[in-house]
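Before any comments, here is the structure.
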């Protein structure tokens, strides 16, 4: 079979199948050839099928014999499928077009059809060929025709076999994949009806064209009744309306439920694919379409006209598409569509058929969304016979299906709306705008007064496009009067041309006559339709307007809107047919406009309708083209022929004929250069216009390319590209891009102009690059297009926007490249697309960021980054007021039950007020409100017991319930048992209230208590709480001063209250007092004391006691004073002298010695006797004035006074001079010896004012019994002072000689004090309980009262009320909330001082749920670890425990895992099933109850790792150049359990928002054995531009948080550390050494290098050790003395004056391990004497050097009398002899020689027997000239040897050592090694000291290595 698709869009397909079969079939012999001709349509709509010219020719040759059936003549079977005509018309057409077929054979076939059999294919094809996919069925059919492995008997053939054969061939051979019946079947295969009964109602899923008389046509959605369904493939049905009966494919039918689902699915699929051509301007908000008026159902008789109408709104203007069922309806004469400027969409079906019954949908779609409105059309009986004549084509046989391709194949320019005329003021800015839809892109040109308008002067012309919507705008700045007039827009593409005019009127302010800007327009309408006539008229002054109808004034009302005058005729009648005129006039002139309205009666006129259509033709050159059509219409239409949209002029070759019905166009001698092209026949009359077209191709035998495409074309991005070639004849060609045919419907326009063929690519993009090929016949030419990408730039940048909450925010930019990607950032952090809330869109050059459901949290600064460019916009979210989503519902309950009301808000933080009967609702225990996020629940209940009752230990508790009625008996239960009244359990009843009081509760009372009344029960759990309270000291009763005598003991005691017992701390003068024998501290249950024995001056000071427990702390300050004798009193002075008395006055001591004065001892003596006599021997003097009596007259006395306190007498005062006892002769004026002093005293205290005379108070003389005047002392005592006692008191003294006065101020004050019940100082109350505290205060003057909460001033509010009266203050909170917890302080202040009292309130409740999120980590195959945080609110009580639960998602049952202690915040859940999904939750619990659960997300149990932690700093900068630098960092502390696989380094210019990724190179760090690359060179920087850098670590799980230092780095601006050394290599490795070599760094950092530093690190360690510092000229170094078989890392730093570079590191280096110590030196060991006490020794080279070069030899000797070998010296590897001098005579020595390499020393070569050193006389003389002078010489004396011999080993606790047998006068050195043993291995030996024996006295060697001399 050969299939050739000649173009689906033109439906020109020919399938030629040629099957030849030769052979013999036992049961079937064909004596003549059987030819089967099958014609198959393209599968498009009937309109397109009528254009199609398809021929499938199948030739089957069979030779053989069939016993039961012989064909003596040729059997021709004509099968016509899918042409769109009725079956009879198909057969007639086939008979006419194909003369080869014989009518007789057709009749024979028809006769066979009547004799039996229903289904040919079901009879002859295997069942498996009829099922499955289309491909499978196709293969089955081919197999059937190719093998013919079947048997056929004559009796088996029947008429019914013909019908399904054609249908199945159509199903199998259909080539239109978008509209084929097969696809319809595929879409509904899941909804196949499994059980059907006769009489069932079914619906057709698609339109179907019958091929035989036995079958009937179907229209999609048509309702049928099943009459017969015995065959699985074909059912016999009856149509609902037409009652037509016939066979239809069962696969096309569905029952109503399945059909409804199918329609909805298909409809939405097509709606999703509908294009959107227009979008709103940037400053306008896009809104989705919404139907204001929806479609209404219609009932109409058959053959009538029906009209659907709906109105829609939306911005941008929606695109309207009409559907019938799931098929798109295209505009035609039968289906007329209108969409006016008021957004009213109209569909008119001019002639109804029964098949038009069904669902009609209008879809409005724009860039913000879509809306749809659907309705039913029911065509009612009686049925007309229109269209039933088989000879006349009717819509009854037409399928109106369409593919989406029909909409967008090619659209001529269509203006979306006609612009209105503009009238503007001169000098203003004008914008003329036109919008249109076109495919392909049109050329848009503006004209003004006939001249083309371009950008110049004050005129700017721009065109913008979005998809296929184009907006062309002319902007005129400061418009001039000369620029008014008619402006014309011409839009043209290959599909057509459109023009629209815009009138511009410029007002100058001068008077002007009326001018018609928009004239009336004539129109023809049908009876009953609405008509709107409007005109726009301007003038200055405003003209007077008059409407006329046929020259007479119009009676109907008109409307004026600005300059527009409107007449509306809502329902027209034939009487409205007239000529309408509008006349306007003013004093400057007149104007008028006229139009006619013709109202046609229904059915009187018919628009043109093509009932016969011509189809595409291909004719040979010089052949004849004949196009035949038939048209109807009333009046008779006029006919116009167009070729390539140009009028076709008749000629001798071009003959046009039209008889009013039949249309014929005949072109003779067809010429490909002239006659090929698109032909269109246009029929028009006053009612309407219809057109029909087809393409005519003139076939040329041979075509060549006369000009081929260029082989290579290069073009820059965004430029216009034109690919052009030329053919030898005017023919059609095909263009291909990368072997895919170009449709010319996108930005690549295919143009054919005669022989020239071109492809024009507007704004070429990199996607357009590739191979382009133009083909015709078997010729082709091709080119390769290369597009050079330009640097993308922003065309349109972000704009600031305001978005309402919960809407979609759209941020949009336009860039120059279609392929360039952008990144989006918010507040500098990159955004990632989540597919739900944050969506990125990329359409052409437009990039969009969509934020759905925006909230205030999304507000911020958004940045779009395009490579190194960026633009930023501010997004402001307009917060919407809160709304109630779930409103209150009425509730009806039984008496005594609880009621619950619930609301849900849009915001959880909204302030909500609840009302009852219009008044604010007060919350109590019975009316409780719970808030959970956005949900609030109000619960109103009877007075029930709370869930938990909390009471302090030993306090009384009261349970109260309130019943709905009084006379009800109740029972109180304790733990289920009836509770009887006792002295501790008091049960009372008062009306509806029942109470239970338990006195002084104990821990034994903790249990559940219940109150039962009838069938109602209320329970509570009693929990006894030991209330903890902070320590409190009553400062008022505290003794603050302690006085003690020196040497006495003192105990300071402080009373306190606290629970639990506190800890005490005493301090004196800021220093903590420590316990000692002298000072003891005692802490009792209610007091703390401090005892000091034998107090001294050092003990005196200010003592502070600090008491603290877990609730708080308090302190008290006390003063300890040491009492002493008073200081010296003042010298007595004479006040009055008489003949026998003297009155003395003295000043009190300056210090009373910290003890009150209890007596003044007054003494005197006379001149003759110096013995001091006490004047007050028998009494005490307290006052400082005293009268001494019984003195002798005229005798002189001397006086003194001594002050006495509890400690003892003071030093006596100075003596007075001698005073003569005699009355003075002269008078003296009064003098004030001691003036009055001001007094501040408290209320109700005694006040003493003392002076020598007392007279006045506040200037007034007063008398009182409390005033006294004795011994020249005036005293006034005010007992029990009051508020009126204050004032100025004065004392006046006068006599005849003079006057004296003194005064003072007395102030009566009292500092504030509080009277408070201490039990109220700390309370714990439940939520909604009442808290009320009354505090009484006193003080004078009246103190100012303030309340504070947690130190913040508190004012009276509705929630917290504060009352203050004369002597008390009350604070009350009537419904407690959790937030009320805190410390409340009352503070009183007046002049005398201040007072403060604290109240601690804890509002308790169930805890809130633990703080989330619930973190699930360390996910293993059987366990996970979950972590949580304590609740933000513990309910006022400490959390007692957490409960952990798990839930297997499959079972959805929660199971308790464990109870966790309160201080634990993580738990490992074990015994989980691998690869199962679990959820976990944690519940907090306190004594009140349990919290809500904190739940996790669903977790799959499997091995899991975490992301790494952030890389660590510091970030070091090195290798600075003008455009680059290197940075380095430290690895993260944690790799998350998975090795770091790469580091991502990003940079950002200062001032920009977007981070630019530099590299994703895998800088490996695998465990601790691989190298670490922790630096990167940053290149391509701008000089003197600052950059922020950040580094992110990444493992296989994900990326860490970035490490981003705050300080920017400026390229090329500063001197930095150098870059790392280059080319670090290993040039040699031995068993104990490594040689490194490197090159200088690429950058020295802007200054000279100072050197290199080498470090090493063993693989088992993390510590780097410095090896060497080298000069900058050295670039090679050997690191020796390494441990054999070890593994090392090495790194080299370059250094300059700024610092070190990042290191250049090696990989892991393993030292060679093949070397061994060398073999011993070769024997013999020769020893010869050579002079005084000297020998020379010689030896041979070792046989093996051990694989490592010899380093030298070590020589050791031992005196045979000793055990220690002593190293004599070492020689190089090239020396094998040595001279040893200074040996001791007559001593025997043994000698050993060791060979050495880097591994170690060999076994020794040892002398076989001792060698004796003899005297010279015993030796033979040796001639000195024979001595070997080439051998090295060493001395064996103790002076010159540098070898050390081990002397002794000692234990670590031995600190001395004695060495005897030393040689006299020889000098020795000793050294001591201290061995450090660690992990049973000696790792280090440290020589502690070296000492000369002659300076050694005594050594003490400590274990730590220090030495004491």
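Each Cβ is built from the backbone N, Cα and C atoms, and glycine gets one as well.
In the domain 'Ig-like' (289-378), the DSSP tally of helix, strand and coil residues is 3 helix, 57 strand, 30 coil. The domain 'Ig-like' annotation in TrEMBL covers 289-378 (among others).
According to TrEMBL, the domain 'Ig-like' annotation covers 413-505 (among others).
Secondary structure counts, DSSP: the domain 'Ig-like' (514-598) has 3 helix, 56 strand, 26 coil. According to TrEMBL, the domain 'Ig-like' annotation covers 514-598 (among others).
Residues or ranges marked as domain 'Ig-like' by TrEMBL: 701-786 (among others).
According to TrEMBL, the feature domain 'Ig-like' maps to 792-876 (among others).
Summarising the annotation, TrEMBL assigns domain 'Ig-like' to 882-1022 (among others).
Taken from TrEMBL, the feature domain 'Ig-like' covers 1031-1119 (among others). If you average pLDDT over the domain 'Ig-like' (1031-1119) in this model, you get 88.
Broken down by DSSP into helix, strand and coil, the domain 'Fibronectin type-III' (1128-1225) contains 0 helix, 35 strand, 63 coil. Marked as domain 'Fibronectin type-III' by TrEMBL: 1128-1225 (among others).
Secondary structure counts, DSSP: the domain 'Fibronectin type-III' (1410-1504) has 0 helix, 51 strand, 44 coil. What TrEMBL lists as domain 'Fibronectin type-III' is 1410-1504 (among others).
Residues or ranges marked as domain 'Fibronectin type-III' in TrEMBL: 1510-1614 (among others). Sorting each residue of the domain 'Fibronectin type-III' (1510-1614) by its DSSP state yields 0 helix, 44 strand, 61 coil.
Taken from TrEMBL, the feature domain 'Fibronectin type-III' applies to 1620-1719 (among others).
Residues or ranges marked as domain 'Fibronectin type-III' by TrEMBL: 1720-1816 (among others).
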Cβ contacts the domain 'Ig-like' (792-876)/the domain 'Ig-like' (514-598), at least three under 8 Å, sequence gap 6 or more:
no
Within the domain 'Ig-like' (413-505), residues counted as helix, strand or coil by DSSP:
3 helix, 62 strand, 28 coil
Work out, from DSSP, the number of helix, strand and coil residues along the domain 'Fibronectin type-III' (1720-1816).
1 helix, 51 strand, 45 coil
Do at least three CB pairs under 8 A connect the domain 'Fibronectin type-III' (1510-1614) and the domain 'Ig-like' (413-505), leaving out pairs fewer than 6 apart in sequence?
no
